[in-house]
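Okay, so here's the structure we're looking at.
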């Protein structure tokens, strides 16, 4: 099933890319465990990594610091490798409240979660691809270091069907039930099967648009065919098919029976300890909860919160690392850590927070001590499991630099010839008035401005001040959710307003070629918001515009400012020299505005949660100008229905696009009436 990686791109590597690709590939072939790619904003870091993957033909996992950047990378990799398996693995919770106990108020908070079915399907598809093929790129968030089902047990549970095999229909149904598939003859959806005479239709858990039909004749598999579950149309007939479990946490019956005995032993030992310490309430609570879980496991093969018994189910010893996505990656796999200066500290912090919450649950009799082993990886375990690694960042952290032995692969020259912004330092005393005049200059020539402040209060006051002086300004703060944030960024790019004020939200991975000025207020106040890395990242937001400029307002030049200015000037010098030698004139990026909202276009545009295929979206600017009022009214009614459908499918970006078009249509309707 595997194919060789085939890179699809109209561009050839240019600028610093060919040298970066050569050095990274040499390092990997020489067996270097750690390498760092220092790639400035807009230098094509993803393209460089895609070239390395295609040249070396190795399965790869790309770690991103959050879902938004993971979706952006997934979209880019999908374009680079349309014929290969590009998969997406992030947390499938839309909402997650872990179980917790607050001793001070004697409050127990039950686990409460809302699972996004579409992302669950993509996670299952990712592990299936990792087990079946070598031409796989999995883009994952830090969710990859959390416990997952053991790959060995997962493989043992698979159901293989081949044409001509002798198998009883009831045996197939029993095996499907063990894989946690549910029979549903009415609503045929992901993770279910239906039976009609000697025909069994199975909707694989990892698929979103293809189902399997098994036709039996007297205990023999006569035909296997793939069909569209929506239309029932046969797509192809196949000689064999493998059905994977519905969940990563599925376990063979004999392993469950063995695990139950081990759980009973631990329960007896723990009860003894609690009674010796006169903790009668905790002992009774633990006994009641564990006995209930054991009965559920005995009857159904699983229970709510079964992940708390994962140590027994995977057969691992106390304190051993849980099985994670890394266990599914082949031994010669490659790990790419994107925005490593953010991702690496995140990995280090996950274990400690999880541990503190679970210790309270164990102490007060809500969980057995073995629940502590259902956890994310410790940092040292992550280091031990990680294959050959490339850290990618515009501002690598000390950890990455130390691991790479100070030998950093530089990717400073952009293929477009764009230079790093010019930096100016100006006094704090007149910063607001000076900023106002700079904003007016930029707004007059249809360019945008980003302003970063130190405090929420200052951001609010500045926004109010700029509004009073007639500027079109918005404030981006931490209470805004991801989708709304993307809408604000899109509106900035479309020119709905000229200035965006924020605190710490203007750093990694924001693509805005229209921004020609970044203003950093109180740049001389040392701290994490004004550290060398933060300053370089923020300055980089203006690096996608030909007229890019950064103004740092400060009365003195701090060590962080000096380093950030020095590094930016070093890069600018190198870029200028390259441009002169090769006769390159810097060109602004002409990135379509919809691109930023198509972060994970392949995620949103696939079939949404079994509700039928998403309908194509009409571009907001394709509004017919010569429609009659009646036709406009009909069009508005149609689009309102489509907008609600997208919102229901959680495709908020598409819904927002239609909302903008509706706004234009309503204005036309009023004018025409």
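Cβ coordinates come from backbone N, Cα and C, glycine included.
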From 68-91, 92-115, 116-139, 140-163, the residue range that Swiss-Prot assigns the feature motif 'Beta-hairpin': 92-115
Segment assigned the feature region 'Disordered' in Swiss-Prot (from 568-587, 588-607, 608-627): 608-627
Candidates 43, 46: member of the binding-site residues with the richest Cβ shell (10 Å): 43
Largest tally of Cβ atoms lying within 10 Å of a Cβ, found at which of the binding-site residues 42, 45: 45
Summary of DSSP states over the motif 'Beta-hairpin' (92-115), given as helix, strand and coil counts: 3 helix, 15 strand, 6 coil
Counts by DSSP class (helix H/G/I, strand E/B, coil) across the domain 'UVR' (633-668): 33 helix, 0 strand, 3 coil
Least surrounded among the binding-site residues, given as 39, 44, when other CB atoms within 10 Å are counted: 44
Other CB atoms within 10 A, centred on residue 41 (ATP binding site): 23
Residues satisfying Cβ distance under 8 Å from residue 40 (ATP binding site), sequence separation of at least 6: 394, 411, 412, 414, 420, 540, 543, 571
ATP site, defined by 39, 40, 41, 42, 43, 44, 45, 46: further same-chain residues with Cβ within 8 Å of the Cβ centre: 48, 394, 411, 414
